[in-house]
Each structure stands twice: as structure tokens, then as C-alpha cells.
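Trainee: Take a look at the following structure, please.
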Amino acid sequence: MEDGREKKKPPSPKFCINDHVDILVEILRRLDGDTLAVAACVCRLWHSITRHDSLWESLCFRHVPSPPPSGIKPIVLALGGYKRLYMLCLRPVLNRLSRFGLRDRVDHVQLTLSLFCVDYYERLGGGGGKLGESSASSSSLMFLCRPVNV
Amino acid sequence: MGNASNEISQVASDVVHYNPSDLGNWVDSMLTELIHQQFPPSDLQDFPYHDTWTDQIGSQQNQNLNHNQQLTVVSTTMDEEDSGIRLVHMLMSCAELMQRGDFSLVASMIQEMQVLLTRVNTRCGIGKVAGYFIDALGRRLFSPISTACGGYSVLENEILYHNFYEACPYLKFAHFTANQAILEAFDGYDCVHVIDFNLMHGLQWPALIQALALRPGGPPLLRLTGIGPPSPDGRDTLREVGLRLAELARSVNVRFVFRGVAASRLEDVKTWMLQVSSKEAVAINSIMQLHKLLYMDPGRGSAIDTVLSWIRSLNPRIITVVEQEADHNQPEFLDRFTEALYYYSTMFDSLEACGLRPEKSLAEIHIQREICNILCCEGSGRIERHEPLVKWRTRLSESGFKPVHLGSNAFKQASMLLTLFSAEGYCVEEREGCLTLGWHSRPLIAASAWQAVPDEPTSSLAPMLNSQNSNVM
């Protein structure tokens, strides 16, 4: 038994981001939509964090110059949440209307909210109009999902 | 795309290119030529204006090849091109014969045209439009008036309408523009009442409810009265729509009251059914309904006067009117036929550009029904009596209404909506305070807003009332 063997240095505490969820949330909150979606594939913890609607809330209004009107949050939550708003409406709208100026972003958001509301109404079964289909399906936003001729 | 254009330029000298995305202008150029010339004999070599239109098509072709569009350039041979022209000629001469009452000739021409149809592509462009018009001529000739216009049930009508809503932006434009005008007119009021002349599925109202929910100062109490045809088989579709709208309003904390009025004709509605209170601001919303009232019954006058007078009696804050921008109410059959051919060619053109989607075919049936009604029906059965904006302006001004300018917000919103619809070619225009949506500079639908002029005892002495535009933001 050699005493000369060097004692192992106690392992320096490694910093693991997963131990600090609050910092993780702050970082993820600042990502753009596509990166956030990629982050959701990293591990289960990250996936569960990205499901929080608050992350998507800051994403939705990040590029709008003026703060969103007060009272918007309960409405968005009632209509389906920020993540759905972003993925279904805001992202395609902002992409397609990118040639409009920053000043018009507020109007884009208004228009998006209206379309989001129509989507909610159709999911309630308000759209109707499909032969032989009684289930609620939201189809009036499908034009946002079609490939765009840019 | 690059290879295709090389290929095409190589064959440019040999074939004529048919640009399916500018059908409206092509038909229009042909119709204007036809009106000024005798019909040429059937020998195709003698077409006098062959050169002029090929040049036109050629230059448009070159322009459009530069656009990255989902454009299927159909290179065709000379035969198919000329079959297309011949079809339009034959349609026009057939319509003229129909007007003259030469029915046996009409019947034989219809047969000839059906043969000619086999030589063109009927899945798009002139072939498709011609197919519908030949069908309409046949119905006018052979079917009894009652069935000529195709008896669709209330439910089927709603389905067709919904598919038309999905497939192209005309109804969305109508809804959003009208909502913007209503929203601005309701500014400052705590009790508001919207009367919808044709509720259908109520797709117009979620956006208004949401906009009212977010208005600074909080939402008002919103009452919606939806007028619609009585539903057969005991279902109360009006009430079902109202319940869904109420649920949506509850989710966004807007106080909401719904009332349904079932009436098969707008002129049967009486003001007491609407239960308008004097303390509330009233908005009347008519999306393509007023033209149905224009039939002039020799004994009783026309329903439009009745309806306009009870509208006035309600003293509404705003009346939003959206109508097709076409003159399909002309007394002469040939004039209606010509106008309809141009109008619906343009509309089918625009539908093509919206790409393949399942709603398109049912949307086309919706449009076809309109065509059949305009061409096959007469008298009280002909309800699609579209009139252009200038005529509505005169009619409404003479009935005691003054126009309210749709503001720049409405225009901006309409432009944004169209940009989202990912089909180049739609254009929004502003015309004396009204907005029109069209395809390639041909307006197809016009939206306007009105207010009732208050009655003055001696109109010549009373001072002119300032039109208070609350649209400026």
C-alpha cells in the first residue's frame, strides 16, 4: 500500500444547468421559436419546461414595439394559450408579413388574435360546413399552413 | 422552374401560350372585340384579331414567368387555343339567340358547344367556366323554372357557403372590413346591438367579440340578433350558433345576449321582432343580402324599399353593406350573360390561384348556383340581382342614408389579410371611402358603410349636419 499515491483531489463541484431550473427558464425564455422547439428535444426536463406557456408569452410579444394591451393574457389563455397562439397563428403571420414595417407589428398582433379567436370558435364546433363530419375541426386557419409563394 | 422556362422559350415560336392565371383579362379582351365586330365565319384562318390577342397573351406570359408562382403554364397547340376562342364566340351568339327566342337554334348550338368542350381542358381556365355557362344555358332552355336553379336545402346552402368562405378571401375580407367599421362606430357605447341579416355559422362574430373584449375601457354589453332561414327537421340552427357564440363570449368575459329571428325572406322581418332598445347603439350588417330584395313586383313595388325604411326607423349607428361588384340585374338577358361571363371568369381565375384544397370544388358549386340563378331564373325566382357600388350609392343616398368612410385601419387590415392569403393577384382598393377586393384590377366585391340621415322638417333650411367620422385614429 503506497502512501505516496496522491490522494485524489475532491471533485470540484460541477455546474449542471439542470440543477438550476430558474436560470434555465431565464435562458430558454430568450430563445426564438425554432430554437425553443429544438430545446424541447434535449431531455425530459427541458421538454417539460418548454411546455410552460409563460415562455411562449414572452416570445409572442418580443417583437412588438409597444407593450401588449392589458387584459390580453386571460383572453389568450381562454382561447388556447400562448404556445398555440404562437405556433398556429403568430409565427406564420409574422413570417408572411415580414415585409411590413415594425410599426405595423401591433396591427399584425391584433389580426392574429382575431384569427386565433376564429380558430377557437371553430374548435367549439362553430364552423360546421363539412359534409358528414360532426366533429369540430378548425379549418379556416389552414390557409396559414399552406406553403407560401415568397 | 428554370428548365421549364428554357423549354418553353424554345417552343415559343411554335405554339401559343395560354396563361390560365389571367383569364379575366383574356375574356374581357375577347368580349370587347366581339361587341364591335360581326362573328367571323367558322373558317379559323380568317380570325381578324388573332394577332392582337396573341401578342397580349405573349407579353403577359413573359411577365408572369418571372414570378415564382404556383403557375401551371399550359402550353397548348393551336387547336385548343382556338377551341377556347370559338367557345366564347359560340356562347355569345347562343346567348343572343336565346334572347331573340330562337330556341331550336340554341339547342343545336348547345350540342355543338358540348362537342367543342371535349377539345379543351375543362379542369381550369376557359374550359371550366364555359362548361358552367353551357350548363346554365341548357337549364334555361330545358328545365322548368322551379328546378332550373337547383333546389338546395338550407343545410346544403350553409355547407357550400362555408366552403366558399374557406377557399377564397372574399368573405373573410367582408367580415373583417365590416367588423372594423362596426368596432369604430361602437366606440364609447356601453350597450351595443348588432343585427346580422344572414347569420349562417356566425363566423363573422368571434373576431368582433374578441376585439370588443380588448377595447380600452372594457367590453360593452353585446347583443347579437341573427336572422336566418328557418331550419327544417326541427333543429334550431340559429340557437345552436348563438349558444356557441355565447360560450366564446363567456370565455373572454364579454357580456353577450343572442337572439335568433327565423325568416325565409328579409322583407318578412318586422322591427318588433328585433327588440331594439333606444339606449343601445345599433349596427346592421348585410353581407350579400340586399341584392336579393331588388325584384320589382309590378303590383307591390320592391322589397328593398320596405327593408330600407325599417332600417332607417331603427336609427342605427352604422350599416355595413357588402355586395358583389357586378351589374347582374340588367333587364336584357344578353347583357347579363356578358357581364356574368366576365365576372365569373375572373372569380374562377382567382380561385385557381388559391391552390388545391378540398374546399375548392364545393366553393365552385356555390358560385355555379349564383350563375344559374342569374341566367336561368326570372321574376321573383331570380334573387341574385347583383348591382355595382355606384348603383347602391345612388339607391342608398336616395333612401335617406349617407356614406361613412371606412378608415385607413380597415384598409390596412384588408391588405394584411390578403398578404396572408398567399396568392398574388388579389388587390384591395379604396374608392370614395369604400373598399373593394378584386383580382388583377377587376373589383369583385365591395364593402361600404352607411348611416341614416336624420329627418329634418324642412330639409332645405336645416343646416347640413357634420358627418362625424369616428374612423380617424
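Note: Cβ is positioned from N, Cα and C throughout, glycine not excepted.
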Trainee: Can you say which of B:192-196, B:212-216, B:462-466 is given as motif 'VHIID' in TrEMBL?
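Mentor: That would be B:192-196, per the motif 'VHIID' entry in TrEMBL.
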Trainee: Which residue counts does DSSP yield for the region 'SAW' (B:376-451) in the helix, strand and coil classes, in that order?
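Mentor: Per-class counts: 27 helix, 27 strand, 22 coil.
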Trainee: For the motif 'VHIID' (B:192-196), what are the same-chain contacts with Cβ under 8 Å, counting residues 6+ beyond its ends?
Mentor: 182, 186, 202, 204-205, 208, 212, 220-227, 274, 276-277, 280-285, 314, 316
